[in-house]
Amino acid sequence: MKAFLILEDGHVFTGTSIGADREVISEIVFNTSMTGYLEILTDPSYAGQAVVMTYPLIGNYGICYEDMESLKPWPDGYIVRELSRLPSNFRSEDSIQHFLEKHNIPGIAGIDTRALTKILREKGTMNGMITTNANYNIEEILPRLKSYTTGKVVEKVTCADKETLSGEGYKVALMDFGAKRNIARCLNERGCEVTIYPARTKAEQIIADAPDGIMLSNGPGDPKECREIIDEIKKLYQSDIPIFAICLGHQLMALANGADTHKMKYGHRGANHPVKDLDSGRVYISSQNHGYVVDAGAMDPNVAVPAFVNVNDGTNEGLKYIGKNIFTVQFHPEASPGPQDSNTLFDRFISMMEVAKNA
Amino acid sequence: MPKNPNIKKVLVIGSGPIVIGQAAEFDYAGTQACRSLKEEGIEVVLVNSNPATIMTDKDIADKVYIEPLTVKVLQQLIIEEKPDSVLPTLGGQAALNLAMELDESGFLKEQNVRLIGTTSLTIKKAEDRDEFKKTMEKINEPCAPSKVVTTVEEGVEFAKEIGYPVVLRPAYTLGGSGGGIAYNVGQLMDILANGLRLSRVGQVLVERCIAGWKEIEYEVMRDGAGNCITVCNMENIDPVGVHTGDSIVVAPSQTLGDKEYQMLRSSALNIINELKITGGCNVQYALKPDSFEYCVIEVNPRVSRSSALASKATGYPIAKVAAKIALGYTLDEIKNAITGKTYASFEPALDYCVVKIPRLPFDKFIMAKRTLTTQMKATGEVMSICTNFEGALMKAIRSLEQHVDSLMSYEFGHLTDEELMQVLHRVDDRRIFVIAEAIRRGISQDTINFITKIDLWFIDKIAILVEMEQALQKEEMTPELLAEAKRLEFPDYIIAQLSGRKEAEVKAMRIENGITAAFKMVDTCAAEFAASTPYYYSCFGSECEVEKTEGKKKVLVLGSGPIRIGQGIEFDYCSVHSTWAFKKQGYETIIVNNNPETVSTDFDIADKLYFEPLTPEDVENIVNLEKPDGAVVQFGGQTAIKLTESLMKMGVPILGTSAENVDAAEDRELFDQILEQCCIPRPAGRTVYTAEEAKAAAAELGYPVLVRPSYVLGGQGMQIAICDEEIDEFIGIINQIAQEHPILVDKYLVGKEIEVDAVCDGEDILIPGIMEHIERAGVHSGDSISVYPAQSLNKKVIRVLEEYTRKLAKSLHVIGLINIQFIVADDEVYVIEVNPRSSRTVPYISKVTGIPIVELATRVIIGETIRGMGYTPGLQPEADYIAIKMPVFSFEKLRGADISLGPEMKSTGEVLGIAKTFNEALYKAFLGAGINLPKYKNMIITVKDADKLEAVEVAKRFEKIGYRIYATRSTAKVLNEHGVHAVRTNKITQESPNIMDLILGHEIDLVIDTPTQGRDKNRDGFLIRRNAIETGVNCLTSLDTANALATSLENQEGKNLTLIDIATI
């Protein structure tokens, strides 16, 4: 069946329908990772977005359920050049076609994803519609596309209830703004007892549970939409409990401390972004997925200073809070998908907790 | 970290002659690195014995030494030039080994010279089997259970412990020389004994066989600060067991999930960090297909063939970045030259699929074993890029130029299903075609996977191509079907064949339905950033993103495709120089080529690079888009010449010599007419179509005769026949090579062979020099030792040669280059071949005469004149130096190949000896070719009857030098009768100790064995030659070569060499 991708700027791509046969409007973003399509599909940070994979051959190694980063796929739509007919991997349990259908995610295949990516690069991230209706009326659709906003998505993706992964080591409170499963796994592997809290949890409750450290997770959407959460984070900041934050968590901590964030032209989504550790001068290749970024320049240097910077475009990739046991990064040390180079940051968080405990 | 200010003058070591396992990729790497160093203001001294390279041009380095790559020469060079640093990581294994020897002997320290790009400790940790194993154990990186052995007994013992099959890998050899898989103790003893001998340190690794696992490679970069990135990973379609150089390789990996991909990536970074490599490095893995278990197979602590491939596949200039790292820069300080925006410290993201297929020499060595093993056999490779795997595979297949443009091309139709299943077990270069046939027969994908261990994903892709063949045969041709066939990169003519149409109809239907090729950019970043480097590939069903360029005149330069015997790196040299010359003259240049190893496919050589197959249809797609003002075909070897007619049909003017005149040189009758007009004699000859006609012609001309197909390169299929039976045999072979062209039968003349390259502007000619071959006519010019300037010609003959060249160039209306081969017999000059194009001698003659032949030819093509460029027409004055080009062979890599020289070319590369005197030049040439004698002063002579008297003179010379001569019965008899003290030895068939024991006894320097005429039917001679080669004994099959060697040894023993900077010529 034919499918169409209609962009806010009037571009229309014609391809083949994949996944669910339903119409969807979403924000179109591209990801340049060459592997890890399942991890990307199940990353809650993609809620409210439709993802274009720039790598043209998707589904080659099928679906390995244990690689899912959350319980289900989150994107509103999935856009690829070609889906593999035969998934081939010893762990594969399903095909991507079936997986998308099962989770009711519509998509389009067989389009020139590079041409689409170039449009998004030149004009910036924009909204679009995936439809199988060949008789679409573009005049009617374009205003709808323009007015579409992602809205508050954190509440859609956060867990409903508190959950604990047992461990003998430090007690970590993980604020779930749409956390990838590997964050908890990285901590748990290091012996931590990880308690995952829904995003709406009050700071008082977390502090009352007396964790050794607090982990603020990644998540979807515009950080400024998360006003209530920012208020709670202000309180966590005051608590003196060591805090490590990733992606949305990093942005929220910055907003809680008077910094500003802004939407990037087309964001960073991929597994090849170089970030420089300003302390050591070392460069790490990182996994990234963000459309917003912290304006580090607007941050009071007495509150926090940049800890990491993106080598390509100089945007902020991490902050170190002065006089605080708080350390935040924009990229994803938990990888999945992507390079594991910065995985040692979890060890750094463990040391932060150790230092605080021994203090 | 900024550049190290103490590095001011760097010696770059090249890789020497092209041999199997070490090819053009190091010219590419070395050239890129030298340019990168010069960009930084470093004074670059280059040493490489290979004159066909671009890196040995005076505009690439400040000082260029085309000298033998030996420790002694390098020591002398370092003392004379006083560089502060040596960069050894860009010249392959050859350069690395030399650097190790220089360092280990303490010489570098003594001279206060540092190694940059790597340390000797790093090399040792990566290359020494024992050290490597220890290092891997230390960082918990698994290796297959293995043991380094130094004796055969030790190996047998260990193999018993770990069980057969076992893999054998000699330490410090290139291309896996001497390695292999042993399935039983007999095989083990054979391979091991050979491997121990070939290893520089007498070590061989005996390892658990992991054949059948997935073979995955990572290209990694690390800087001095410890920053690491992976440039690319690659998956070999052929599982472990086939050398990666002989495997079909895809980039990026296709069947690895992120977990496997990152597991191996992290391991690669772990390894490069532990080895403290500064620069590029290649790590090879075996990954068990049904678990996360993996083994590190090998680490190359240097730029390699795989890094050339990774560079071209991603756009990331590994050699350039490696050179900058060697100077002290960190990755985040080096700009990504492709985007101009990002930095070298990021990992390329691909939004396409790349397929590499090796170019194997079995069309040249039809007797050689086709089996692919851990010892590399390919002479070159092609790469293709497409948005899908099937398309990339199809494009790569047709880039090979082996009369194979789809998966249907080898005929396995006559086999029964059972036989086909047996053939499926064979691991050779035809395996994908066998798999396709198996799918056609309905053999299940699982069965194919079980037998071949090739991942099901790839087998299914082949199945998709087979299904398309069937659809095109059976289904109605619709625009949808056609679009899908083109998406899978079926050529129009194959679609036409399958669907019973004419090619023109298919093309018309495509155009009518808008099914045309689109071009996409290779930009290192999957379109995330705007890129400024126009490096393109084609695909169907996409938007074209080539930016229209106007204003300048546009010229299309057609490259020479994969490196193969007969068409080597020299044509890349010519293509690149022509491109540069056009650029200098204000042209916009467009290169089309598909060879990832070459300089011409580097992203900053031409204004635009199209990485595409060199077939008429593929080139036409580019022509339609670019509308060039002209195309040059005379620099890209036969590959480009073959496209002449098609280009004219597309309406592209051929710049330089016109197509009709190219034809006139190749067409016997037209050419004969021209010779007659010019009153130039040639050996009498006839054009025939059948064996009967050939025999009639031979009877008329008198044996011996030369039999060859017209339109060939490297003398393919050419033979000297001495009787009717041989004519039958040779014509049978010629017909197998699918020839539509007629067959030529010529009288074979015994004489001196002379070669001339010239530039002609339509009026005047410029001959930079005349070359004379050491071997008499009958040995292919590419396999002959060639001397410039000719030594034995009198003035009268030289005048005749000059005159004939002028006449021929004018009669053929040559504009640009012409190459002519003559025979001089009794001071009479005959023409034997005319090629109105560049030749393999152009680079060397340019270098030794200092005349930029390709640039002059290019300017002539544009309309300048020889006089206008400031040259006096005619033969140029002789240079101050004698230059001798010596062929280099790769026979030890090709089991079963006969090494005897004849009219069909067999050498893979060449070296140059350049000196003030003939004798020194000759000595240098032999030394450069690896013939470093004397050692034991023992030699064997066994010659055919006709050569016996001549052999006496040769033997006398060697005896005088101090050689002890062994000879078989009849040769010994003649030698002894003529006063040579030859020791008689038993023939192979006689009891031990016989000639074979002598050879295997490792104390023989040299075997002189002249084979009987024609195809070798003498089993003894063949065995002697093969065993000599495989035991590492020098083996000469021409008495002329033997005499030359004697001359060299008589004169140079113990003398010091004078090193010559050719940049001063």
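Using the three backbone atoms N, Cα and C, a Cβ is placed for every residue, glycine included.
Just so you know, TrEMBL annotations are computer predictions that nobody has curated.
Given the structure is predicted, the values throughout are model-derived calculations rather than measurements.
Under DSSP, A:Cys247 (active site, nucleophile) is assigned to coil, being neither helix nor strand in the three-state scheme. Spatially close to A:Cys247 (active site, nucleophile) yet at least six residues away along the chain are A:Ser45, A:Ser217, A:Asn218, A:Gly219, A:Asn289, A:His290, A:Val329, A:Gln330, A:Phe331, A:His332, judged by Cβ distances under 8 angstroms. Sequence annotations record features per position, and here TrEMBL assigns active site, nucleophile to A:Cys247.
When other Cβ atoms within 10 Å of the Cβ of A:His332 (active site) are tallied across all protein chains shown, the result is 27. Look at TrEMBL and you will find A:His332 (among others) tagged as active site.
Summarising the environment of A:Glu334 (active site), the number of other Cβ atoms within 10 Å of its Cβ, over all protein chains shown, is 26. According to its DSSP assignment, A:Glu334 (active site) is coil. Annotation source TrEMBL lists active site at A:Glu334 (among others).
DSSP assigns A:Gly221 (L-glutamine binding site) to coil in the three-state reduction, outside any helix or strand. What TrEMBL lists as L-glutamine binding site is A:Ser45, A:Gly219, A:Gly221, A:Leu248, A:Gln251, A:Asn289, A:Gly291, A:Tyr292.
The domain 'Carbamoyl-phosphate synthase small subunit N-terminal' annotation in TrEMBL covers A:1-131.
The region 'CPSase' annotation in TrEMBL covers A:1-170.
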Any further residue of that chain within 8 Å (Cβ to the Cβ centroid of A:Ser45, A:Gly219, A:Gly221, A:Leu248, A:Gln251, A:Asn289, A:Gly291, A:Tyr292) of the recorded L-glutamine site: A:Gly178, A:Asn218, A:Pro220, A:Asp222, A:Pro223, A:Cys247, A:His290
Secondary-structure category, per DSSP, in which A:Asn289 (L-glutamine binding site) falls: strand
Rounded Cα-Cα span from A:Glu334 (active site) to A:Gly221 (L-glutamine binding site), Å: 20
Chain-internal residues near A:Leu248 (L-glutamine binding site), provided their CB is under 8 angstroms and they sit 6+ positions away: A:Ser45, A:Val154, A:Phe177, A:Gly178, A:Leu216, A:Ser217, A:Asn218, A:Gly219, A:Pro220, A:Gly221, A:Pro223, A:Cys226, A:His290
Binding-site residues compared (A:Gly219, A:Gly221, A:Gly291) - the one with the fewest other Cβ atoms within 10 Å: A:Gly291
Distance [Cα-Cα, Å, rounded] between A:Tyr292 (L-glutamine binding site) and A:Glu334 (active site): 19
The domain 'Carbamoyl-phosphate synthase small subunit N-terminal' (A:1-131), counted residue by residue under DSSP: helix, strand, coil: 29 helix, 47 strand, 55 coil
Neighbour count (Cβ, 10 Å) for A:Tyr292 (L-glutamine binding site): 17
Local confidence of the prediction over the region 'CPSase' (A:1-170), expressed as mean pLDDT: 96
For A:Gln251 (L-glutamine binding site): intrachain residues, at least 6 apart, with Cβ closer than 8 Å: A:Pro223, A:Thr261, A:His290, A:Tyr292, A:Val293, A:Val294, A:Gln330
Inter-residue Cα distance where the pair is A:Glu334 (active site) and A:Gly291 (L-glutamine binding site), in Å: 18
